[in-house]
Amino acid sequence: MSEELLSFEPATGEQLWRGKVSDVDAEVEIARRAWPEWAAKPVTFRTETLRRFADRVKAESEAFADLIARETGKPLWEARTEVESVANKVDISVKAYAERTPNRRIEGAMGLRSAVRHKPHGALAVLGPYNFPAHLPNGHIVPALIAGNSVVFKPSEKTPAVGAKLVELLHSAGVPQEVLRLVVGGPDTGKALAAHPGIDGLLFTGSARTGLALNRQFAGQPGKMLALEMGGNNPIVAWDTADIRTAAILIVQSAFLSAGQRCSNARRLIVKDSLADALIAEVRELANRLIVDHPHADPAPYMGPVIDNEAADGLTESFLVLMSNGGQVIRHMTRPVAGRPFLTPGIIDVTTMAERPDVELFGPLLQVIRVETFEAAIAEANNTAFGLSAALIGGTPQLYDQFWANARAGVINWNRPTNGASSAAPFGGVGLSGNHRPSAFYAADYCAYPVASAESDALRASIGVGLRDPEGSQLVTKKYL
């Protein structure tokens, strides 16, 4: 009997989906054979095919959102925004392909010209995460297909149903089944796909641990594209502001949206000491009011569960470790539903901790650090090996200029949350957050490579110096055409 993969709803524990584990060798071989024909299609054909995909997503938006909500546990309202992002990605990617990888031709004298064009890599593997199981892999798949690549897509083993639905919608729009392949399986299947000699590159969104392993694996293969987006230990700095209420809202959005399961969520609140008491009280009061419930509950929750009990257990343990090492609890993280991975927002002051762990705590847990000076705030913001997202709340234009110039991150915001980045801009980080292959609008860059050409419609050449004359008696300088 073939091995199977099962998927369960985080909110209820009920089985949602089951499917057979894929044969990686077979799927890669199919994609490799298919990509030359797909690449040979005009780009207008490929883009129109994907525009039909966007229409299919819109036509099935409510059912798709319901599936995302059930398999991830995120509130239905949030799942709807994810579906909207999936549909919107097509037009954004078409524009990005035209702007980031244009064909250019420069005419020269005597019929000579130079040109720059772009080619697809071939068969690309995509490894998707569970937190945005449609939007984030779609952000790799759509630009890869527009550029003329074939794709072998492995969704997270925690959200295979959404991945399968995404592929179904792409196929129904006219993307050939051979060009886009779905690989179902667990971590071993992902490792087999990443190591497969038949792929020409891998596009990854996930944890730093997995991303670092992939980086080591691909280090000896410079001919293969590797694009990594690996999360962050993101700081949000709160400075001089009289609008404590709005500042608190921005902080809560940054820390607890998606139950803290966004790579761009704030993990650390760095706050001016003289502002801290009033601001923290407002943040705690607002966090107390957040509804944590089933994704389809009425009234609608702000947060659903985290992805599974293993994740919830790890976050609870991390909160206890921070407490035992000197952290002062501002708001306890609790498990309100026995046996299910619901977590209430946790807030803890770690200012006096001698050594704070530099890890991505992927859930609704916010650490508070008090500082005296703005220079200390920037130093604390940069006190991490990650570098994805950072935000300044309050301050002045001059302070923001200082923050922007010195904060080490790929996304730097002012008076906006750390999360909710626009797909019309690049999205990526430095350090342990990525390998300088930003996604979103810049995904086009890693889906094709540039080819420079010198061209002439007719044979035209000369050797101007260093030739003997035909009799071999002397050197001549005249040109032989």
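Positions of Cβ are set from backbone N, Cα and C atoms, glycine also.
Note that the structure is a prediction, hence the values are computed from the model and not measured.
Reduced to three states, the DSSP call for Gly211 (NAD(+) binding site) is helix. Less than 8 angstroms from the CB of Gly211 (NAD(+) binding site) sit Phe204, Leu228, Glu229, Met230, Leu432, Gly434, Asn435, each of them six or more residues away in the same chain. The feature NAD(+) binding site is assigned by Swiss-Prot to Gly206, Ser207, Ala208, Arg209, Thr210, Gly211.
The active site annotation in Swiss-Prot covers Glu229 (among others) and is backed by sequence analysis. Other C-beta atoms found within 10 angstroms of the C-beta of Glu229 (active site) number 27, with every protein chain shown included.
Under the heading active site, Swiss-Prot lists Cys263 (among others). Residues near Cys263 (active site) in space but far in sequence (CB under 8 A, at least 6 apart, same chain), listed by position: Asn131, Thr205, Glu229, Met230, Gly231, Gly232, Glu360, Leu388, Ser389, Ser433.
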Protein Cβ atoms within 10 Å of Thr210 (NAD(+) binding site), excluding its own: 19
Least Cβ-crowded entry, counting other Cβ within 10 Å, from the binding-site residues listed as Ser207, Ala208: Ser207
Sorted by sequence, non-Gly206, Ser207, Ala208, Arg209, Thr210, Gly211 residues with Cβ within 8 Å of centre, NAD(+): Phe204, Leu212, Ala213, Leu214, Met230, Gly231
